[in-house]
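A.B. asks: Before I ask anything, let me first share the structure, which is written out below as structure tokens.
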Amino acid sequence: MPSSRRAILKHILSGLCTKMNRTKSVPTDVMETPLNRCLNTFDIALLGIGHMVGAGIYVLTGTVAKEMAGPGIILSFVLAGFISMLAALCYAEFGTRVPKAGSAYVYTYISMGEFWAFVIGWNILLEHMLGAASVARAWSGYVDSMLGGWIGNTTLELTGGIHEPGLAQYPDILAFLVCIVYAAALAGGVKATAVFNSLLTLVNIAVMVLVISVGFWYADTNNWSEAEGGFLPYGIGGVIAGAATCFYAFVGFDSIATSGEEAKNPSVSIPIATILSLFVVTVGYILVSAALTLMIPISEINPAASLPEAFGQLNLSWAKYLISIGALCGMTTTLLGSLFALPRCMYAMASDGLLFSCFGKVNSTTQVPLLNLVVSGVLSACLALVFDLAKLVEFMSIGTLLAYTIVSASVIILRYRPMERIHTTIRVPALPGSPDDDDDDDEEVASQSSMDTSSPTSEMIEEVLAGRLKSQFRCLEPLLGRFEPGSVVSVAVMLFIFLSFAICVELKVSWTQLYTGTWWALIIYGFIIFAASTCVAVMAVHNQNTRGLVFKVPLVPFVPALGIFCNILLMVHLDAVTWVRFFVWVCIGMVVYFLYGIRNSKEGEVCSSYSILMTTSEAGKVPWGSFKGTASTGKAKSCGKHSIFERFTGRSKADDKKSIVEESENETSGYS
């Protein structure tokens, strides 16, 4: 009996790695969805702009300018915008590959496996909850400042305040109600939400143009003079610290990718809307921060309401009230963006079986996941009720940066993975009757399909060679050429992430030794940089697979690798308490995943847990739990026979004895 228990335990442990690493297979018709595909490029772009332009420009601008960077806030926004653009390019490419709700969660599921997808999805849920709660707190605080602090003082008199560390000074009833009201408004349907969001975003953009125009009209360059502290009163360190804070102002463009399942033509709309919205927001932030620091000295900036108070000091009371209206509109669109994305991420995870099935249901009338919306609104409202704005913003950053890191890594992995292992469509057609759909497009798709099935083409050759060494680097064949195509790049990406983390920690811990030229610090740092550079070089010597991509990230793997490093650099500089809270949240997610998600995953239907527990002979006799007889049984066998290393690298036992050169020649000759 004990031996039987050990055998069962051995089978369970051997199959656990397979379950955690299984990837999502995208259905052939990626346009099929119970959600309502009604959003055009303009709607999606305004959704992204509205999600970003809110508390960032009306709250963070004054705080960073006065306490961190001074007029150097301009450089802080440039740096934060550059880092965000690196991630946005990766999101745009994935949006053309997989036009599904779920954003980074779905992308990770397809490229890196189920476990990391759940980790990312779980943290995206937290990111949007904290985003909605933080904006609700900022919205309430802005209204309170306009009323002279009446709301806060009255609440303190009635409740006596909260005296627990880490919580807000008093329960914010207005922030709680704002979350509930806007969540209820989103239940009307995605098109009504898009129209409402577009109107508020246009008002917000008009107010930004007003601030920039009037601000530069009253600009005084003496406010950047040495008498006022100069352009960089806090030095380069202040600029970098300001960039880490300003990064929060760009959180929200990933909601564009979340709306991919409700876009009419996502392969075109997602990349255009992502890049356009981020460019507009970055330029707007730079010009507004320049106008603010030129209007008044940084010593006179009011962090709580910087823009209205700045115009008030110039005796422009009319502009002060217009800016307050624009601020409320901007924060409203940001709140709507978070509450829009959160239910759809829950829906994507529940549809895959990783969250409770009740969250995978869509209302037939409004075509909105109503239960998800109710839960999202209530949880966000509770967070806004008791937590302080600063704590919410700080906690939200780590989950966002982790998601950006994994998405950048996923772009590299999929670029070097053969097409047959991606299981995705080449081109996403437009919906019938949409502006993007016409007869010429249909003829183009038909001709493209006929071309793909005929004689060998450059695309077919690219598909065959994807993930294999380039011809000019065949000298590395004995070292790197005997693994399954794409597996070497996957390992190199993992090592690069680890080494980037080591570089950033070394910079933070041993900066003094590096600056003074201590020999041991230079040797360690030099070795780590050399190893990380080698990983990127290993990625670059392989052939890519860009077949069917409407939008492509330029300079892969260098641009995504730079994005990974920048994101990790910002993560390392977060407070230690934030990391502790993050790991607590992840541990809660692990309980959900291992008790529910791993058992109910839809991808587990291909390789059932029961067939893993059975021996090879038993699995062959009784394919119980499989859906397709012997085919499922064969897959179940493979799940139990491969080692952990083989599952990670994708290397098989028998076929890997054959040279990649021989495989390439055989596959190429098969087309002739």
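Each residue, glycine too, has its Cβ placed from N, Cα and C.
TrEMBL lists these features:
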COMPBIAS  435-445  compositional bias 'Acidic residues'
COMPBIAS  447-458  compositional bias 'Low complexity'
REGION    428-458  region 'Disordered'
REGION    650-672  region 'Disordered'
TRANSMEM  41-61  transmembrane segment
TRANSMEM  73-92  transmembrane segment
TRANSMEM  104-125  transmembrane segment
TRANSMEM  173-192  transmembrane segment
TRANSMEM  199-219  transmembrane segment
TRANSMEM  272-298  transmembrane segment
TRANSMEM  318-342  transmembrane segment
TRANSMEM  395-414  transmembrane segment
TRANSMEM  488-511  transmembrane segment
TRANSMEM  517-541  transmembrane segment
TRANSMEM  553-572  transmembrane segment
TRANSMEM  578-596  transmembrane segment
A.B. asks: If contact means at least 3 Cβ pairs within less than 8 Å, sequence distance 6 or more, would you call the transmembrane segment (578-596) and the transmembrane segment (173-192) in contact?
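C.D. replies: The answer is no, given that the two segments have fewer than 3 Cβ pairs within the 8 Å cut-off.
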A.B. asks: Which residues of the same chain, at least 6 past either end of the transmembrane segment (395-414), have a Cβ under 8 Å from a Cβ in it?
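C.D. replies: Contacts with the transmembrane segment (395-414): 86-87, 90-91, 93-94, 97, 103-104, 107-108, 110-112, 116, 119-120, 123-124, 126-127, 130-131, 134, 244, 247-248, 251, 254, 422, 486, 489-490, 493, 497, 539, 545, 553, 556-557, 560-561, 563-564, 567-568, 570-571, 574, 578-579, 581-582.
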A.B. asks: Could you pull out which residues elsewhere in the chain have a CB under 8 Å from any CB of the transmembrane segment (272-298), counting only those six or more residues past its ends?
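C.D. replies: Same-chain contacts beyond the flanks: 41, 44-49, 52-53, 56-57, 61-62, 65-66, 70-71, 73-74, 77-78, 81, 84-85, 88-89, 91-92, 95, 205, 208, 211-212, 214-216, 218-221, 223-224, 228-229, 233, 246, 249-250, 253, 256-257, 306-307, 310-311, 313-314.
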A.B. asks: Given a Cβ distance threshold of under 8 angstroms, which distant residues of the chain, six or more beyond its ends, lie next to the transmembrane segment (318-342)?
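C.D. replies: Residues 47-58, 103, 125, 128-129, 131-132, 135-136, 138-139, 142-143, 146, 178-179, 182-183, 185-186, 190, 193, 196-197, 200-201, 203-204, 206-208, 210-211, 214, 252, 254-255, 258-259, 305, 307-309, 311-312, 372-373, 376-377, 380 contact the transmembrane segment (318-342) from elsewhere in the chain.
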A.B. asks: Decide whether the stretches the transmembrane segment (199-219) and the transmembrane segment (104-125) have at least 3 CB pairs under 8 angstroms, with pairs required to be 6 or more apart in sequence.
C.D. replies: no
